[in-house]
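Colleague: Below is the structure I would like to discuss, written out as structure tokens.
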Amino acid sequence: MEMANDKVAETVIVGNYVEMESEGKPPQDIKSKLSNFLWHGGSAYDAWFSCASNQVAQVLLTLPYSFSQLGMLSGILFQLFYGILGSWTAYLISILYVEYRTRKEREKVNFRSHVIQWFEVLDGLLGKHWRNVGLGFNCTFLLFGSVIQLIACASNIYYINDNLDKRTWTYIFGACCATTVFIPSFHNYRIWSFLGLVMTTYTAWYLTIAAVLHGQVEGVKHSGPNKIILYFTGATNILYTFGGHAVTVEIMHAMWKPQKFKAIYLLATLYVLTLTIPSATAVYWAFGDMLLNHSNAFALLPKSPFRDMAVILMLIHQFITFGFACTPLYFVWEKTVGMHECKSLCKRALVRLPVVIPIWFLAIIFPFFGPINSTVGSLLVSFTVYIIPALAHIFTFKSSSARQNAVEQPPKFVGRWVGTFVINVFIVVWVLIVGFGFGGWASMVNFVHQIDTFGLFTKCYQCPPPTPSVPTMPPHQMNATAPSPHHHHH
């Protein structure tokens, strides 16, 4: 690294952030110290917690299902591969953010009560068509991200208390999640993201240890990968796992020194890999092909206090992740209605309510936990998180003057601008073909199959069939996530 250049860049950037830092130090009495510690987070650690905890939530439970579709080796390789791709695009987003912010602050724009979002970065650097595309994909993705959290809540609690069916649980959790309208911004998620990380860590190790202690099921088969359709569905679910950074810009904005963000995302991803690889491998090793019909890993493990604990922790975590996915939507909505700069919390909370209602509704229509992850992954994450940032980076720095005046030069080990350009083009092509093309096709076929099998407003997705005294559908149709041999779709 050329130290001199870095030093200059750093002073330029730090110069702009001085005012933000001085804001971040209110007078310290005990009460404000405590509220600061629990509530107002903007340090590098907070960003790390937010990234890591935001990345893993319910995906831990669907990864073994992906492994059963992909086979062991592909599963591990895809995780590493998409982990690296994800960190790279997060790095691009952070560069574009710092670039946008520095340009704006040279024009003396003040961002005190305004949260910068991804679409504004696109707007400022590339104009309004980019903004509209970015906004469209991002909002749809976050909308469905929130929907998935709701479905996951219902899907999980069912394993503790099955007196109510999953749809009723979705109603209940929808009402609970609506309370996130009262959390003003990402600064206020400090204690939550820390707890979230503790919870996912516990769950991941619970899955690993429980699966190993349980040992392999009799006659366990590991036949994956056998169907091309399932292979790509699984791969896309992994793409979705490491595409958790549609919220990257908002998390960065909540930091006091956003330029530290680049390394943080990579570290978060590395930590996440230590959770996802052991747990998915262990569960797949123990249960093999049984996972093809159980997209939620909790379904196969024996009931125990530890499992109940893991389920409860995941529930609390989903609540937090719901807040994470929804907060940017609230911001966009506030800006549309013109209430974003408003000081009164209650007014803003009221304005935000219409955002929660469609999410609630969608979660009741499509309760397919597992297949919906892959569908969202292929159709939305592929663009929001991989293709758009890579293209935006190419177009922002395509003129040589823009490259010379860039606040931050690309690192030497990737080969400066040429290397960066090559990597970006590779990402765009790869994700378009494998993620969006094959992945989209496979996920949509799988998704439509779920609708054909279960119907839209299905009451209880993948629940064990009721007692045999009532004539029911044959069991293989009740819980088919993979097309069963009786009815092939070609």
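The chain as shown is numbered from 1 upward.
Cβ coordinates are placed from backbone N, Cα and C, and glycine is handled just like the others.
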Colleague: Looking only at what Swiss-Prot records, is S304 on the same membrane side as A44?
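Modeller: Going by what Swiss-Prot records, S304 is on the opposite face of the membrane from A44.
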Colleague: So one of N138, N293 should carry the feature N-linked glycosylation site according to Swiss-Prot; which one?
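Modeller: Record lookup, Swiss-Prot, feature N-linked glycosylation site, residue N293.
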Colleague: Can you check which of N373, N479 Swiss-Prot annotates as N-linked glycosylation site?
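Modeller: Annotation hit in Swiss-Prot: N479.
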Colleague: Going by DSSP, give the three-state secondary structure for N293 (N-linked glycosylation site).
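Modeller: DSSP call for N293 (N-linked glycosylation site): helix.
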Colleague: For the transmembrane segment (353-373), what are the same-chain contacts with Cβ under 8 Å, counting residues 6+ beyond its ends?
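Modeller: Residues 58-59, 62, 65, 143-144, 146-148, 150-152, 154-155, 166-167, 170-171, 174, 177-178, 181, 233, 237, 240, 295-296, 326, 329-330, 333, 443, 446-447, 450-451, 454, 456-458, 461-462, 481 contact the transmembrane segment (353-373) from elsewhere in the chain.
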Colleague: Against the transmembrane segment (56-73), which of these stretches has the most C-beta pairs under 8 Å: 133-153, 263-283, 311-331, 377-397?
Modeller: 263-283
Colleague: So, do the transmembrane segment (263-283) and the transmembrane segment (76-96) meet, by the test of 3 or more Cβ pairs under 8 Å (sequence gap 6 or more)?
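Modeller: Yes; at least 3 Cβ pairs under 8 Å.
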Colleague: Quick check for me: are there 3+ Cβ pairs below 8 Å between the transmembrane segment (377-397) and the transmembrane segment (311-331), leaving out pairs under 6 residues apart?
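Modeller: Per Cβ check, the transmembrane segment (377-397) does not touch the transmembrane segment (311-331).
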Colleague: For the topological domain 'Extracellular' (284-310), provide the mean pLDDT of the predicted model.
Modeller: 83
Colleague: Restricting to CB pairs under 8 Å, which listed stretch, 191-211, 311-331, 421-441, is in contact most with the transmembrane segment (76-96)?
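Modeller: Answer is 421-441, with the largest number of Cβ pairs below 8 Å.
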Colleague: Per DSSP, what is the residue tally for the topological domain 'Cytoplasmic' (97-132) in helix, strand and coil?
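Modeller: Going through the topological domain 'Cytoplasmic' (97-132) residue by residue, I get 24 helix, 0 strand, 12 coil.
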